[in-house]
Amino acid sequence: MMMFSISLGLFELAFFHLLTHALFKALLFLCAGILIHGAGNTQDIRFFGGLSLNFPLVTVCMNLANLSLCGVPFLAGFYSKDLIVELACQYSWGVFILCMMFICLSLTVLYSVRLTYLSFVGVYNGGPSISVCESDYSLIGPVVILSFVSLISGPILSWLSFPAPVLIFLPVFLKWAALLFVSISLLVMLSLQRLAY
């Protein structure tokens, strides 16, 4: 999305997305590291599953980062990603560019939901997990702090970066296009997951 924003000449918006993206992506990687450490140092996601029982706090924080990555309203990613999408739709860049953007959004949602599904839903398939990771404050402390910061960073950075609100007028079908592509990607992910088992 940052490169896409730069290609459209929206440099300030790309920098704003870089800042918000850095916060929730760092949270996502910290949570993934805790899960890898707690699941016996395996990085194969096929051995995960049902980790929400042993890692409830990490589950909440990781899902918060995933939802922010998907651009769910009122999380950090929404403030930057939605503005990029709506400004790209407002200007006539061509149907091909818009379709590529919506496909990229759909793929982001697809792999984020897949990560959540394989990590936290279902039965644990690996060796013994170490739930003591959640009692280690050197691991959990930064995750909790970064979760809070990534929650409030979207509106705060938005108000600091863009003091005047941006008015965007779009046709109804373009307003609903992002939701349509996200819904299709969710259905595709669930269909592929059922085929795998």
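Residue positions begin at 1 at the first shown residue.
Each residue, glycine too, has its Cβ placed from N, Cα and C.
No curator has checked TrEMBL annotations; they are predicted automatically.
The following features are taken from TrEMBL:
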- 9-102: domain 'NADH:quinone oxidoreductase/Mrp antiporter transmembrane' (DOMAIN)
- 111-195: domain 'NADH dehydrogenase subunit 5 C-terminal' (DOMAIN)
- 15-36: transmembrane segment (TRANSMEM)
- 57-79: transmembrane segment (TRANSMEM)
- 91-111: transmembrane segment (TRANSMEM)
- 139-162: transmembrane segment (TRANSMEM)
- 168-192: transmembrane segment (TRANSMEM)
Hey, which of 15-36, 57-79, 139-162, 168-192 has the most Cβ-Cβ pairs under 8 Å against the transmembrane segment (91-111)?
168-192
For the transmembrane segment (15-36), the distant same-chain contacts (Cβ-Cβ under 8 Å, at least six residues beyond its ends) come to 1-2, 5, 42-43, 48, 51, 55, 58, 61-62, 64-66, 68-69, 75-77, 79-81, 83-84, 119, 133, 139-140, 142-143, 146-147, 149-150, 153-154, 157-158, 161-162
Secondary structure of the domain 'NADH dehydrogenase subunit 5 C-terminal' (111-195) by DSSP, residue by residue, totals 64 helix, 0 strand, 21 coil
Roughly where does the domain 'NADH dehydrogenase subunit 5 C-terminal' (111-195) sit in mean pLDDT, to the nearest integer?
79
Can you break down the domain 'NADH:quinone oxidoreductase/Mrp antiporter transmembrane' (9-102) into helix, strand and coil residue counts using DSSP?
69 helix, 0 strand, 25 coil
